[in-house]
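A short worksheet on the structure shown next.
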Amino acid sequence: MLAVAVLAAGKGTRMKSALPKVLQPLAGATLVERVLASAGNLQPERRLLIVGHQAERVEQQLAPLGGLEFVLQQPQNGTGHAVQQLIPSLQGFEGELLVLNGDVPLLRSETVEALVEQHRASGADVTLLTARLEDPTGYGRVFADADGQVSSIIEHRDCTDEQRSNNLTNAGIYCFNWTALANVLPKLSTDNDQGELYLTDTVAMLPKAMHLEVADADEVNGINNRRQLAQCEALLQQRLRHHWMDEGVTFIDPESCTLSEGCSFGRDVVIDPQTHFRGRCVIGDNSRIGPGSLIEDASVGTNVSVVHSVVREASIGNDVAIGPFAHLRPAADVGDGCRIGNFVEVKKSQLGAGTKVNHLSYIGDAQLGEKVNVGAGTITANYDGVNKHRTMIGSNSKTGANSVLVAPINVGERATIGAGSTITKDVADGALAIGRARQMTKEGWAERKV
């Protein structure tokens, strides 16, 4: 059996944020969510989150994930003290305890799986993850023999100058035999510079301690301040971009684009500079997104072009052109072959196949059939000051430039709305509707004014 415990009680003082450190966002997910995901493939029987600072807020945010047990650490008196809080919860548990840090979000699932696998194969009481760092300042040093048996871990602040020359560092990630660990946890002492209980001290108390050296030291980067958060964001973005490049996606200027873990791209997709993807996005084959676009929680079909536009919680069919400077808001559903042009906003509306809204229009709370041609400056006036109302436009209809459709209204199929009209009544199939003042021309007006 396997239990996973994530240390998530710290204040994160150096972040200087009202948000708990483990809830800071990184490429579309919180730090602690990424840590939990790294152990997901192991399918642990127990998942425990040790909380302290703003515990209620952390629990509220993470509870929807399901299957989490929250354990309170109050006060926060070190990593050893945190794990001591698990003793009541794991009473009678027999198996391994994997201990992860809630602020180490770049850890790959393959690394976590290798740690647990090695621990089980070696029969060790504890196996810890280690990394060799060019600059190990601030990290605990791991001392081990040639066979990988660990003799001790000494925190940086407690090291002598000679001990600090060792660059094998403790990543703060452990796989324990829980029964063995539970026996030594009560023996921890605060006899150190910080006066805290260190989980690292249990390593020297256990008969057999082994270590696994991680291949990529960036995986165990911890986050304590905004600069480190930005560094981890850059590393994770690079990892995501490289993954999708290997899957057949072209980035014209990779470092100017950002992705989230929930993105999915088809083959031969091209991403132009300054384009950003947030949340869960699906982009179909042969589409080109950007430059200067934001796609968030949206679905985009094949052979689609999106230029200098914002697409949020919307669905776009195949062979569609969007932009420049279009805004697709939540519940916009754009059918195959549509054209949404410059300075067009679409909200909570369905556009049938082949419909064109080329210029300067607002389409809100509307349903447009197939091959509708919306003239420049057409507005669906959906709000009466109290409620929103629907506009229905049938297939093959046309609206002239600068027309306003005052909802609720139903325009039939093959209907035409004259330019400059304000339409307040339903329009039948095949009808022409004109709703504007008759033009009055006064000859010689300019001369009379003089």
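Just so you know, glycine gets a Cβ as well, placed from its N, Cα and C.
Annotated region 'Pyrophosphorylase' per Swiss-Prot: 1-226, in sequence order, evidence recorded as sequence analysis. Each residue in the region 'Pyrophosphorylase' (1-226) has a pLDDT score, and their mean in this model is 95.
According to its DSSP assignment, Gly140 (UDP-N-acetyl-alpha-D-glucosamine binding site) is coil. According to Swiss-Prot, the UDP-N-acetyl-alpha-D-glucosamine binding site annotation covers 7-10, Lys21, Gln73, 78-79, Gly140, Glu155, Asn170, Asn224, Arg329, Lys347, Tyr362, Asn373, on the basis of sequence analysis.
Summarising the annotation, Swiss-Prot assigns Mg(2+) binding site to Asp103, Asn224. There are 25 other CB atoms within 10 A of the CB of Asp103 (Mg(2+) binding site), with all protein chains counted.
Swiss-Prot lists 227-247 with the feature region 'Linker', giving sequence analysis as the kind of evidence. Look at the region 'Linker' (227-247): DSSP puts its residues at 20 helix, 0 strand, 1 coil.
Per Swiss-Prot, the feature region 'N-acetyltransferase' maps to 248-450.
As annotated by Swiss-Prot, active site, proton acceptor applies to His359. Same-chain residues at least 6 positions away in sequence with a Cβ under 8 Å from that of His359 (active site, proton acceptor) are, in sequence order, Gly341, Asn342, Phe343, Val344, Ala376, Gly377. Secondary structure at His359 (active site, proton acceptor), taken from DSSP and collapsed to helix, strand or coil, is strand.
According to Swiss-Prot, the feature acetyl-CoA binding site maps to Ala376, Asn382, Tyr383, Ala419, Arg436, an assignment based on sequence analysis. Remark: Arg436 (acetyl-CoA binding site) has Gly418, Gly420, Ser421, Thr422 as non-local neighbours, by Cβ distance under 8 Å and separation of at least 6 in sequence. According to DSSP, Arg436 (acetyl-CoA binding site) is assigned to coil rather than to any helix or strand.
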Cβ under 8 Å to the region 'Linker' (227-247), counting only same-chain residues 6 or more beyond its ends: which ones?
15, 24, 26-27, 105-106, 218, 221, 254-255, 257-261, 263, 265, 267
According to DSSP, does Tyr383 (acetyl-CoA binding site) fall in a helix, a strand, or coil?
strand
Neighbour count, 10 Å Cβ-Cβ cut-off, for Asn382 (acetyl-CoA binding site): what number do you get?
23
How many Å separate the Cα atoms of Leu7 (UDP-N-acetyl-alpha-D-glucosamine binding site) and Asn224 (Mg(2+) binding site)?
14
Pairwise CA distance, Asn170 (UDP-N-acetyl-alpha-D-glucosamine binding site) versus Asn224 (Mg(2+) binding site), rounded so that it is a whole Å:
16
Once the DSSP letters are reduced so that anything not helix or strand counts as coil, what is Lys21 (UDP-N-acetyl-alpha-D-glucosamine binding site)?
helix
